[in-house]
2 protein chains.
Amino acid sequence: MLIEERLKELHEKIKRKVPKGITVASVEFEGPELVIYTDDPKSFADQDDLIKILARELRKRIVVRPTILEDPERAVTAIKEVVGDNAGITDIFFEQDTGEVLIEAEKPGVVIGKNGATLRDITKEIGWTPKVVRTPPIESSTVKQVRQYLRAAHQERKELLRRIGRRIHRDVIAKDQWIRVTTLGCCREVGRAAFLLSTPESRILIDCGENPGNSTSTPYLYVPEIHPLTQLDAVVLTHAHLDHCAYIPLLYKYGYTGPVYSTPPTRDLAAMLQLDYLDVMNKEGNTIPYSSNEVKEYIKHSIVINYGCVTDIAPDIKLTFHNAGHILGSAIAHFHIGDGLYNVAFTGDIHYGKSRLFNAATNHFPRLEALLMESTYGGAGDMQPPRAEAEEKLYSIISDVIGRGGKVIIPAFSVGRSQEVMLAIEEGIRLEKLPKMKVYLDGMIKEATAIHTTYPEYLNSDLRNLIFKEGLNPFLSDCFEQVDSPDKREKVITGDPCVVITTSGMLNGGPVMEYLRSLGSDERCALVFVGYQADGTLGRRIQKGWREIPIGNRETLVINLECFTVDGFSGHSDRRQLMNFVSHMQPKPEKIFTIHGEESKTLDLASSIYKKYHIQTMAPMNLETYRLV
Amino acid sequence: MLIEERLKELHEKIKRKVPKGITVASVEFEGPELVIYTDDPKSFADQDDLIKILARELRKRIVVRPTILEDPERAVTAIKEVVGDNAGITDIFFEQDTGEVLIEAEKPGVVIGKNGATLRDITKEIGWTPKVVRTPPIESSTVKQVRQYLRAAHQERKELLRRIGRRIHRDVIAKDQWIRVTTLGCCREVGRAAFLLSTPESRILIDCGENPGNSTSTPYLYVPEIHPLTQLDAVVLTHAHLDHCAYIPLLYKYGYTGPVYSTPPTRDLAAMLQLDYLDVMNKEGNTIPYSSNEVKEYIKHSIVINYGCVTDIAPDIKLTFHNAGHILGSAIAHFHIGDGLYNVAFTGDIHYGKSRLFNAATNHFPRLEALLMESTYGGAGDMQPPRAEAEEKLYSIISDVIGRGGKVIIPAFSVGRSQEVMLAIEEGIRLEKLPKMKVYLDGMIKEATAIHTTYPEYLNSDLRNLIFKEGLNPFLSDCFEQVDSPDKREKVITGDPCVVITTSGMLNGGPVMEYLRSLGSDERCALVFVGYQADGTLGRRIQKGWREIPIGNRETLVINLECFTVDGFSGHSDRRQLMNFVSHMQPKPEKIFTIHGEESKTLDLASSIYKKYHIQTMAPMNLETYRLV
Ligand SMILES: [Zn+2]
Ligand SMILES: [Zn+2]
Ligand SMILES: [Zn+2]
Ligand SMILES: [Zn+2]
Ligand SMILES: [Zn+2]
């Protein structure tokens, strides 16, 4: 059936279902949603369950929008009138392309009202669909920029969502039945994650990241399997780390024009890290693979989905994100293929254990036949100490070094490890387990923290309670200070004993290099690794004991400061957690592919899972293709 | 380096190596060969080892051609003068595109002379490079047509060979190092063989056949892995059976413009079978997938190589064919990749045992790391009786049926099984183990037999001796009679007790259908299967005991005649031979992929080889890709 005919048919069906007197002006696919345009948004909103019933019957995500929107200025007045002063509204954004109005408020519950009653009242008054978010306690310039950009591009985005929507809902035409996974990177290595999931009908790329140990090695994007890029249906991004997202903008440079699905925080964090990545590449004298224009293209084409929301992304594929416990917004991507035929999930990076920020990764799914799981710490001996032990060790190192007049440099990914370490140190100082001192944040860490506070629903409930119920936001502690200029950095370097948390986490560029150049030879100081150091990175070399390391063409880095590795802060599951993740899975998958780990670790994990749980396992190589069905 | 520069450099090198006074007018890549054009072919021919030395030093296959060729008419006179009357020259063909002259003679040895002396004399006299073939005792119209067509297209073919030659000898530019095999058909099934061998530099398609059980299912040619077809470097054809070659002409319809490598008999047999295939498809009322024009394209792009001749087919890949023992010209395709990096062989179909026509398949190679081997009879119980026993059984069935006034219908592939059965029956009659009777050949069997006699060097030495030394050519026995018209067929059907050997071998169309329609209900007659019946074919159904079988829309075939299966004539190795083929391999490969067999048989063979010989084995599925390096 032609898509126009299908829309016509849907239009007729919906008209029949909707009570007399409510007009259904038109229906349109916009991205994964079916949008119903009505002249009577107020009457529509009155029919409590109508949208739910339609969604269930048509098996589509349904959104209702008014054909005519209230003038924004008058709408602002109307919103404030309906909501009242209690809510602490700090900003109201109108999104022309979706007909949505984003209401930022200190007390979002008041804007929502009991069972959403106030929201429905707003809809009736102004036509715009209201969405409520909590006013973040730290303002993120990234979030602001992303929103501004999306608003500016709203007309283009509206067209793009229609095009994508029509593509998603096209007819299934293939006669054959098969499902395949092609490995384009991240097999028997850590880095350049990229996997192609394909059926006779559709092709989905999962992740497209950099190789932290080798800045010029991209995923294998030159092989025919993923070409032409114009025929990719979707890119799905598990989380914002660069080894998963760095080369997504490059796809737009190469001709991709489709959507990128991620959670909302992942979109913002990824955009921030991509821009920072370009900046670092540039400063290190490397040619940048794409420009900020392509990052904008990525933002323009991004479609965000929250955990648990089942979404059509191709005629035969539904995507659902589940919490991965790894970093803010990190997701396990679950694909339901061919209306009951098969289910496969990609873990991205997972932490199967509760941390200060997140709940443990989800391992219960409605159905699951195959799993591609990370194996960073998949080796038999890759045990991490408990978090409490790790924090004690970190406290003791910091106390010693500060005590002897030194500085503690903690290289960390700006997203994830930094916030975990910040929370541990803040508590240490607050509970007087650590001396009073400054904790400097260099690189994108503060901005990343701001994004965390923009999406509190993605943090675990303990931390949310601490912030919102007990009014104690540890990220706002005055022990933290941002390093925002070379002058300031110089002052930190020559100043009092302190802790510096700084990027990049594996010492492949970033401000951490400045600290090492200046303090590397100072024996009173210490370098503390709290995260995984990939093969080929400077971090790994120092961990291995290198003490004079040539960097660039002429420079040699001298390492006299004390080097520590504090295990236990990792955002990755250790070996025991990986095995437990599988052991407690519901349902048990038939097949597990071990990826995202050094060769020996993927092989070891694969054979251990097979032996212990009798699940068929594979440690694929890059550039292979496996049939699932 | 640009190809022009490389040719210039080769030109200079060759000039320096060639004795003073012999001109080297130009050098040119033509297909896999480096052609040296000289004004002094006579002097060149005088330098006994010069070509060998150049070939070794430049690591190229070298051919010397005169810049100016003698006028064909005068050349004929010159050739006859040099050779004399003894040779029994029956024909002389001039091939303008290669500068070769094909001399067909009853005694080719006389044309060659001692150590090739007479040939060299011819070269000196006429410039043309002489090639000698034996005058076939039965004239093949296919061979004649193929040769005529190649001569007619000689100008186009010359340009095409230059283009292919330049492509083969292009610079290697890829930085990455990997070798992959992609399965496009024939995995866990018998039929539609198609495998893609790829490196960062090159892509080779091995076979491209039909599925005998389902005439509309082609190999998976729609997947991105093999597109664009214009970037395929080569197609390599293991042998002429339709499950390996039927869809090669289709590639030209889809835009392929490169060469197809095979042995010379495979080219002729494949063209014959493709044309017959179109004919049968057409008669059965199916739409034909391509026309005879595409068969011509295939012939025009074919490059033939004899067993054992190492040939560059891509900048990083050398191909060598080895005897597969299966049918005339059948080959194991051995690929030497990346100048010592890796070696992989595709068996095609193999018979690891001597038959009346062929020697056992080769299983010794200079080097070999991976093998893709057929598994048609790979199941634990798939034992075939010895050939002698099979022949006794066939004799006894034939004697019984003829004795009771019936006819024996033997469906057989026109190529391979037919000739084996012909030889057995001819000997039976000659040695009076069988009554005197007519053996009718229907379908392409006689033509296929003619092609066998065109290439005696591809038969085993026993048969060659019988024909050429003892002067007894069993194919010429007067017990054989061709059925060349519907009238004749009608006479056979209503005539005396006899044997009919007829196509198709699996009863999926062809003249055998006419015999079944007329004689299927006659209980005195018998149907004798001597070859493998694939799943989904009419042959398999009758073997399974079906006795009333709907064919087409309205017709029902009634089977009252006695049905026999005589195992032991197969051109495939049985289970024991497959295991022996591996056990006696030199060297032992590291990896074996079992293909070309039903699912259970490929799995069984894979696990048995692993258990017995400790070689890593895989039974791949279609549409998978495996890394070899
Ligand atoms: Zn990560
Ligand atoms: Zn990762
Ligand atoms: Zn559980
Ligand atoms: Zn065959
Ligand atoms: Zn075959």
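Including glycine, each Cβ sits where the backbone N, Cα and C put it.
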Looking at Zn(2+) 1 binding as recorded in TrEMBL, which candidate out of A:H322, A:H326, A:H334, A:H364 goes with A:H239, A:H241, A:D349? A:H326
With A:D243, A:H244, A:D349 listed by TrEMBL as Zn(2+) 2-binding, which of these, A:H596, A:H614, is given for the same site? A:H596
For the annotation region 'Metallo-beta-lactamase C-terminus' in TrEMBL, which listed range does it cover: A:158-216, A:571-629? A:571-629
Between A:H241 (Zn(2+) 1 binding site) and A:H596 (Zn(2+) 2 binding site), how far is it from one CA atom to the other, in Å? 13
So what's the average pLDDT for the domain 'Metallo-beta-lactamase' (A:191-406)? 96
Report the residues of the chain - excluding A:H239, A:H241, A:H326, A:D349 - with C-beta within 8 Å of the mean position of the site's C-beta atoms, for the recorded Zn(2+) 1 site, in sequence order. A:T238, A:A240, A:H244, A:A324, A:I327, A:S330, A:G348, A:I350, A:G416, A:G571
Using a 10 Å radius around each Cβ and counting other Cβ atoms from all shown chains, which of the binding-site residues A:D243, A:D349 yields the largest count? A:D349
Residue distribution over DSSP helix, strand and coil in the region 'KHb' (A:70-137): 30 helix, 19 strand, 19 coil
How would DSSP class A:H244 (Zn(2+) 2 binding site) in three states? helix
The domain 'Beta-Casp' (A:418-542), counted residue by residue under DSSP: helix, strand, coil: 60 helix, 15 strand, 50 coil
In the region 'Metallo-beta-lactamase C-terminus' (A:571-629), how many residues does DSSP call helix, how many strand, and how many coil? 24 helix, 12 strand, 23 coil
Apart from A:D243, A:H244, A:D349, A:H596, which residues in this chain have a Cβ no more than 8 Å from the mean position of the Cβ atoms of those residues at the Zn(2+) 2 site? A:C186, A:V190, A:G191, A:A193, A:D207, A:G209, A:T238, A:H239, A:H241, A:G348, A:E374
Does A:H239 (Zn(2+) 1 binding site) have same-chain partners at least 6 apart in sequence with Cβ under 8 Å from its own Cβ, and which are they? A:C245, A:S262, A:T266, A:L269, A:A324, A:H326, A:I327, A:G329, A:S330, A:A331, A:G348, A:D349
